[in-house]
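**Student:** What TrEMBL lists as domain 'Glutamine amidotransferase' is B:4-201. Per TrEMBL, active site, nucleophile is recorded for B:Cys79. Summarising the annotation, TrEMBL assigns active site to B:His186, B:Glu188.
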Amino acid sequence: MLTKRIIPCLDVKEGRVVKGIQFVELRDAGDSVELARFYDEQGADELVFLDISASHEGRKTMVEVVKAVASELAIPFTVGGGINSLEDMKRILRAGADKVSLNTAAVLRPELITEGANFYGSQCIVVAIDAKYDEEIGTWRVYTHGGRKATERDVISWAKEAVERGAGELLLTSMDADGEKKGFNIALTKAVSEAVSVPVIASGGAGNADHFAEAFLDGKADAALAASIFHYKETSVAEVKESVKQRGVCIR
Amino acid sequence: MIGIIDYGMGNLFSVEKALERLGVEAFISDDHERLRQADGLILPGVGAFKDAMDLLNENGLTKMIHEYVQTGKPFLGICLGMQLLFESSEENGLTNGLSLLPGKVIRFSGVDRKGESYKVPHMGWNKLRFDQDSPLLQGVDEDYVYFVHSFYVDADQSDVVLAEANYDVNVAAVVGKENVFGMQFHPEKSSVMGMQLLRNFTKLTEKGSTADEFYNLSRN
């Protein structure tokens, strides 16, 4: 049986992992390979690297990060952030990443999803959606530019469109839940997961190990992603997996 | 020395690096002569079946691969590379494959026997169940490996299946017949078990390997 996946997310800025400061036992807490190995050994099923570099130069170094991780580790990983063209996708995938994640660029030009899927297959193309509930329209609205800009799109119809255009997976972040540490946004996750035929990664809101099982059991997510609770060692991937397993969820 | 066939599709870099970590010399090439001289060949692949076959045909690699397999040297297809070993695929209409193994590649229906829908692609970690003895599986325990695919070979319809995984249907996960092998999952992304399986393949390329012994035993 296919297992549910636990995915730590690492923010990379100018080629260095940031927020990794709690890993005192590491020689270099900013080193992507060391952190990736740390998570791999804990049983992480996949990793997501999010490039938050502001500069063009910074983004170029992402390719080096990808190469280094792919050289050293046998773990699947996705790269997102700053991927705006088929050329960007090629650079990252050729360097050894398994998937690329498109966010703002896909909203601005949805054809990009299809171009990537036609070239590499849907399984390489993740569409990341930042969602925030909007009382006015009574549903979730899609945000772009790192959550700074509201769009006209509603999340469910955009999720469906992204899949129709060739997305092989959705990375769904609840802006309402993000940073609150009160658990994943179950209503949002369930609504999207039931609306599409591809796997959905729940993101935003994980505050403890027990929150993950809810995302799978109630939210119908296929994978769950978290950043800060792993970085700051509030829990570990191993602890999360144990908690999820005890609730009867199939896990590696 | 193991050759990784470069035909413009797939994650060649990760496969090469995985072999390097095993201490096995490997090269990526589209040069027929170089590939012919390799002790073993790997056909990786990510993308669409038809595009891949078109590229193999255009580059004359289809013929080269058939001739290579005739020599008896080990050959391994990974992911789409495994699917290409079979007779045909229904991806984007019916396309003929390399026909090195009997069987056809079909799409996950996305609906189970009870009428409930399930997610396609089959993406993530799934556990292998071993079906037949093989040098590829020697010394390896049944464990989880990483799959990403929307098309599959039905394990119930094939007698070349060495290991399978269940995802609504029984998916052919490791296949093999004589010197031709395939893995539907990504061994280069499958942590410890993936590396063990790759190691077993590379052992087959070593002269006087356990594989020779294995085959002699099974033939006798």
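Quick reminder: no glycine exception, Cβ is built from N, Cα and C everywhere.
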**Student:** Filter the active-site residues B:Cys79, B:His186, B:Glu188: retain a residue only if its CB is under 8 A from a CB of chain A. Output in sequence order; output 'none' if empty.
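**Tutor:** Contact set vs A: B:His186, B:Glu188.
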**Student:** Which residues of the same chain, at least 6 positions away in sequence, have a Cβ lying under 8 Å from the Cβ of B:Cys79 (active site, nucleophile)?
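**Tutor:** Sequence-distant Cβ neighbours: B:Gly10, B:Pro44, B:Gly45, B:Val46, B:Val148, B:His149, B:Met183, B:Gln184, B:Phe185, B:His186.
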**Student:** Among the active-site residues B:His186, B:Glu188, which residue has its Cβ surrounded by the fewest other Cβ atoms within 10 Å?
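**Tutor:** Selected from the active-site residues B:His186, B:Glu188 on minimum Cβ neighbours within 10 Å: B:His186.
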**Student:** Tell me, by DSSP, whether B:Cys79 (active site, nucleophile) is helix, strand or coil?
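**Tutor:** It is coil.
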**Student:** On the 0 to 100 scale, where does the mean pLDDT of the domain 'Glutamine amidotransferase' (B:4-201) fall?
**Tutor:** 95
**Student:** If you run the three-state DSSP split on B:His186 (active site), which class comes out?
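**Tutor:** Once the DSSP labels are grouped into three classes, B:His186 (active site) ends up as coil.
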